[in-house]
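Peer 1: Here TrEMBL flags CYS2 as active site, nucleophile. Look at TrEMBL and you will find CYS249, CYS398, CYS451, CYS454 tagged as [4Fe-4S] cluster binding site. Positions annotated as Mg(2+) binding site by TrEMBL: SER299, ASP361, ASP362. Residues or ranges marked as compositional bias 'Basic and acidic residues' in TrEMBL: 474-486. The annotation region 'Disordered' is assigned in TrEMBL to 474-500.
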Amino acid sequence: MCGIVGFFGPDDVAHDMVFGLTALQHRGQDAAGMCTFDDNFHLCKGNGLVADVFRPKQLKKLTGNIGIGHVRYTTQGSNDSALAQPFTTSYPFGLAMVHNGNVINFREVAKRLHEKYHVLPKTSNDLELIMYTFASELRLKNLDNLSVVDIFDAVETTQELVKGAYATITVIAGHGLLAFNDPHGIRPLVLGRRDTPEGPVFAFASESTCFDYLGFEFVQNVGPGQAVFIDKNFNIHFKNPYELPKAFCVFEQIYFAREDSTIHGRLVARERVRLGKLLARKVMAAGIEPDMVIDVPSSGYFAASGLAEAIGVPYRRGLVKNNHMGRSFIVSSQAGREDVVKKKLNPIREFVEGKKVAVVDDSIVRGTTSRRIVRILREAGATEVYFISSAPPIVSPCIYGIDMAMSTELIAANYTEEEICRYIEADRVVYQDLADLQELFAEERGHGGNCFACFSGQYPTGDVTKYLRHIQEERESHRQKQERPTETSVSAKAPAPTEH
Ligand SMILES: O=P(O)(O)OC[C@H]1O[C@H](OP(=O)(O)OP(=O)(O)O)[C@H](O)[C@@H]1O
Ligand SMILES: NC(=O)CC[C@H](N)C(=O)O
Ligand code: SF4
Ligand SMILES: [Mg+2]
């Protein structure tokens, strides 16, 4: 998913950017990077968390009143620190760019760049393709007198040529700060503003939660196909959205985004409570009568509280999370994910002992977390364990910036609900209905127009077979190089369901 920020104001921005990136740490743990500009670009990036990469010594060097930052969760290329974002180029202007998403026609884009402009990307990070396409279009303009129309024109051509998901922020040296989204607006991007005695500070960020910390007012979303440019005099310019159907990632609402963010007018926490309430009908229809509802921390909490309220059963925190373990799902190897899940959650024995427990998580992806949790709840004395997923079964890969690119990894793509129930050793498994999810996010009930592809197999960018084939070959070869299989590894194939 990745988290991105861009700041432009009267004073140095590095300090604000560190806070902004820290608030977005849940979106990426592999690498972090920042690039500021005064008379030169100052770039600092490396593998690790925000706190590891930006030490006071580095921060001192990041001078300038305009800058962009990134926390990476790898979806293309390796975890090598050379692939951390931002990326910069010096022609036709100094450009520094970050993005969140995933380009799905990178072969075509790379071929065109090579044939038409003799440009060869240096790494396998898809960001380079967006940056060079934009730079190549820009250099066809009148460089001595670059206008906003020129910039938006280059954005539009980039949006026509590059397919996939990409929320981007770019510093155009000497000109201003630009943000644009892909034509479907798959990934979130928001604009905020803070007024200071010295003048306004503008900020772009993946999620609005950044603004709460830093005292910014939310201005607007950078929606499907939209571009926003803050020029050197701090005037804002908008390029209108595309007419293409919006396809905002619904999984942001279910799991990725922070609960305190408002995305497309919807507070994430509230949507999760609603998802929990929606599950009540299915839980009751399944004849499940739990003594208590617990959540899988962190992201299962709001759905669990919604379900408990709707079925009139007490909610308790039955599992405690070690907050220093990070998110298991965004660890890039299966062995690493299993290790995080093992060390991350511990049951409160006194609460669950002798109880029939309904445990709610936002989703079951590979089944790593659910299997472990059912086991530790039984060991802690729970008499029955019902595993409830606030998301429907994930049956198709995500190719838009979430690491679920191989259907072989997705437990629900390979096994029935009964088989999954046996594999995770639960007494019952209940999933959200896709129709209920779609109804909750229906267009007329808000800023709908969502992507549901991982649940429905319907991809907003059209036929993606070629890309899926390519990414699967690539992923398989990366994993084989990086990962030695463990006893419980499911990296090459989803787990074989076992009997009780
Ligand atoms: O079926 P799996 O492959 O285990 O994936 C699903 C789990 O991964 C996520 O948790 P994660 O630990 O990443 O983050 P969280 O602490 O925000 O819940 C998600 O919330 C599920 O618990
Ligand atoms: N999750 C993301 O947004 C990833 C961005 C980009 N594809 C990378 O791998 O760096
Ligand atoms: S496929 Fe799923 S995770 Fe990927 S963008 Fe669509 S809804 Fe989001
Ligand atoms: Mg979780």
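Note that Cβ sites are derived from N, Cα and C of the backbone, with glycine treated the same way.
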Peer 1: For CYS454 ([4Fe-4S] cluster binding site), just count the other CB atoms lying within 10 A of its CB, please.
Peer 2: 28
Peer 1: What is the number of other Cβ atoms found within 10 Å of the Cβ of SER299 (Mg(2+) binding site)?
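Peer 2: Other Cβ atoms found within 10 Å: 23.
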Peer 1: Taking the mean position of the Cβ atoms of SER299, ASP361, ASP362 as the Mg(2+) site, which residues outside that list, in the same chain, have a Cβ no more than 8 Å away, listed in sequence order?
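Peer 2: The surrounding set, listed in chain order, is ILE254, TYR255, ASP295, VAL296, SER298, GLY300, ALA303, VAL360, SER363, SER389, SER390, ALA391.
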Peer 1: Of the recorded positions listed here (CYS2, SER299, ASP361, ASP362), which is spatially closest to CYS398 ([4Fe-4S] cluster binding site) when Cα positions are compared?
Peer 2: CYS2
Peer 1: Suppose the [4Fe-4S] cluster site is CYS249, CYS398, CYS451, CYS454. Which further residues of the same chain have a Cβ inside 8 angstroms of that site's Cβ centroid?
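Peer 2: Going along the sequence, the neighbours appear as ILE186, VAL250, PHE251, TYR400, ILE402, PHE452, ALA453.
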Peer 1: Tell me whether ASP361 (Mg(2+) binding site) sits in a helix, a strand or coil according to DSSP.
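Peer 2: DSSP assigns ASP361 (Mg(2+) binding site) to strand.
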Peer 1: Rounded to a whole number, how many Å is the Cα of the residue listed as 'active site, nucleophile' away from the Cα of CYS249 ([4Fe-4S] cluster binding site)?
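Peer 2: For the residue listed as 'active site, nucleophile' versus CYS249 ([4Fe-4S] cluster binding site), the Cα atoms are 13 Å apart.
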Peer 1: Relative to ligand 1, which of the recorded positions CYS2, ASP361, ASP362, CYS451 have a Cβ found under 6 Å from one of its atoms?
Peer 2: ASP361, ASP362
Peer 1: Check CYS451 ([4Fe-4S] cluster binding site) against DSSP and tell me helix, strand or coil, would you?
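Peer 2: Its secondary structure by DSSP: strand.
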Peer 1: Of all the binding-site residues here, ASP361, ASP362, which one's CB has the most other CB atoms within 10 A?
Peer 2: ASP362
Peer 1: In Å, rounded, how far does the Cα of CYS451 ([4Fe-4S] cluster binding site) sit from the Cα of ASP362 (Mg(2+) binding site)?
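Peer 2: With the alpha carbons as reference points, the distance is 17 Å.
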Peer 1: Within the set CYS2, CYS249, SER299, ASP361, ASP362, CYS454, which recorded positions show a CB-to-ligand 3 distance under 6 A?
Peer 2: CYS249, CYS454
Peer 1: Would you count the other C-beta atoms found within 10 angstroms of the C-beta of CYS451 ([4Fe-4S] cluster binding site) for me?
Peer 2: 26
Peer 1: Indicate the candidate from CYS2, CYS249, CYS398 with the smallest number of other Cβ atoms within 10 Å of its Cβ, considering only these recorded positions.
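Peer 2: Ranked by other Cβ atoms within 10 Å, the recorded positions CYS2, CYS249, CYS398 bottom out at CYS398.
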Peer 1: Go through the recorded positions CYS2, SER299, ASP361, CYS454 and pull out the ones with a Cβ less than 6 angstroms from some atom of ligand 2.
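Peer 2: CYS2, in sequence order.
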